[in-house]
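Asker: Have a look at the structure that comes next, please.
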Amino acid sequence: MSRKDMQSDEIEEIMKEMLNDDEYADEGFEDIDREDNRHESKKAMKKEKKAERKSRRKKRKMSNKVAIALSLIVAVIAIGYVATAVFYSTHFFANTEINGVDCSNKSIKQVEAYLEKQVSDYNLTLKETEGKTEEISGQDISLKYVEGKQVEKLVKSQNPFLWPEAFWKSRKMEAKIGVEYDESALKALIANLDCMKEENQTEPVNAHPEFQNDKFVVIPETDGTKIDTDTFREKVITAVDGLNAELDLSKEGCYLKPSYTAESKKVTEACDAMNKYLGAMVTYDFKPNTEVVDSSMISQWVKVDDDMNVTFDNNAVKEYIQSLAAKYDTKGKERTFTSASGNTVTVSGGNYGWKIDQNAEYNALIANIQNAETVTREPNYSSRAASHEGNDVGNTYAEVNLTTQHMYYVKDGQIALETDVVTGNPNKGNDTPTGVYSLAYKAKDQTLRGTKKADGTYEYETPVKYWMPFNGGVGFHDASWQPTFGGSRYLTNGSHGCVNMPPEMAGKLFDLISAGTPVVVHN
């Protein structure tokens, strides 16, 4: 018997004993039940683990599928991105304008073709004032397209890998289109435009002060339609070179603009100064008459120059002063004079009388106005007289009657001295000149001399005690060499033009007369 058989028998024997013993049997079955339970638990655990392993395998498979799908998506996106970048290396981005035209996604050739068509159809519209327009046609100047590298350069300026940003960021690009045209034809077209014709242009007007009612106010500027020729030509050429469809002359500064507007400081300052000048009042005293310069007159004289400097209408101011001179000057004018003998005579010529110094008075009047002065005064005179009333000689004067060869000295209307005299010899061309004169001065013990000769001597040299000149070298003086006075002696033994007096009378006149006294010489 083998060892294995022996072991089987022993086991069988033991089993039988156990079956015969109920208590033991019960205990044995309990143990078997527990063993079975343990076995079942193990089987359940194995099942659970198997299911778990299966679940994990499924999840791994799913993850792998997702990863593969995502990889495929990324690959597709990457390929699409790169492909799009390659596309945009020769095409313009979306939302791209070139020279104001939408060129989104267009190739270089497409844009070149567009530009060429743009040139062939080109017209430049000129927008002028008041809604007027004129056109310059490309055909009229033989405009042609010249292909270049400009469009290609614009494409290359893009970074093709940044194409996505074009969908939210627009791009405006300028392409210098190569063109050529007949410059002479364009120049001629410009010159013949309606807007260039003189009759269609108005000058711009500066803002400026203007007198209204009783004061100066600022009048606003006006633009006008005067073309700034150089600027206009440059703008037209630039527009044609750039194939611009429109040129707005106002916006592009093709019209001459006023130099000053209503807001310009110089304009308002000028207006203020002019209103200040209106405050002046100059009253000229011509006893008993007066002449007044006030705001109504000043407003017509004061003005501004092109640089807004306040000036005066010089001609108008001078004309006013000339009118005063014409009215009140008496020097050299013809006068009606009542002689001491009671006769009425007419006298003209001479250096006596009122005469306004017009240049000096102009300066004085302008200064009065600029300083806004209120003043009463005489005008500036270069020559004065005794009175503005009636005869300006007044009631104190010397009178010489050439016909009667008699002279008078009248003081305060009364004859203070009279005497016969000898005047210039008319037969020798030495007439005593007629007219009204002013005594220049008086002096004693003088030597009167004629014209100086080549040898240094004088035609005559005559010493006198009393010398009273009134017309250059013509004057009153004593003449002791004359044996008689009056009558017709002057026709044969007359003087060189002076009024010869008896020495005693000459001395008396010297004591009576003074510089500035009127001297009336008449026939």
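From the backbone N, Cα and C atoms, a Cβ is placed for every residue, glycine too.
TrEMBL labels come from automatic prediction, so no person has curated them.
Among the features that TrEMBL reports, region 'Disordered' is placed at 17-60. What TrEMBL lists as compositional bias 'Acidic residues' is 20-34. Marked as domain 'L,D-TPase catalytic' by TrEMBL: 396-522. Summarising the annotation, TrEMBL assigns active site, proton donor/acceptor to H477.
What's the neighbourhood like for these features in this structure?
Answerer: Averaged across the domain 'L,D-TPase catalytic' (396-522), pLDDT for the predicted model comes to 97.
H477 (active site, proton donor/acceptor) falls within a strand when secondary structure is assigned with DSSP. For H477 (active site, proton donor/acceptor), the number of other Cβ atoms no farther than 10 Å from its own Cβ, over all displayed protein chains, is 23.
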Asker: So, by DSSP, how many helix, strand and coil residues make up the domain 'L,D-TPase catalytic' (396-522)?
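Answerer: Looking at the domain 'L,D-TPase catalytic' (396-522) with DSSP, the answer is 17 helix, 58 strand, 52 coil.
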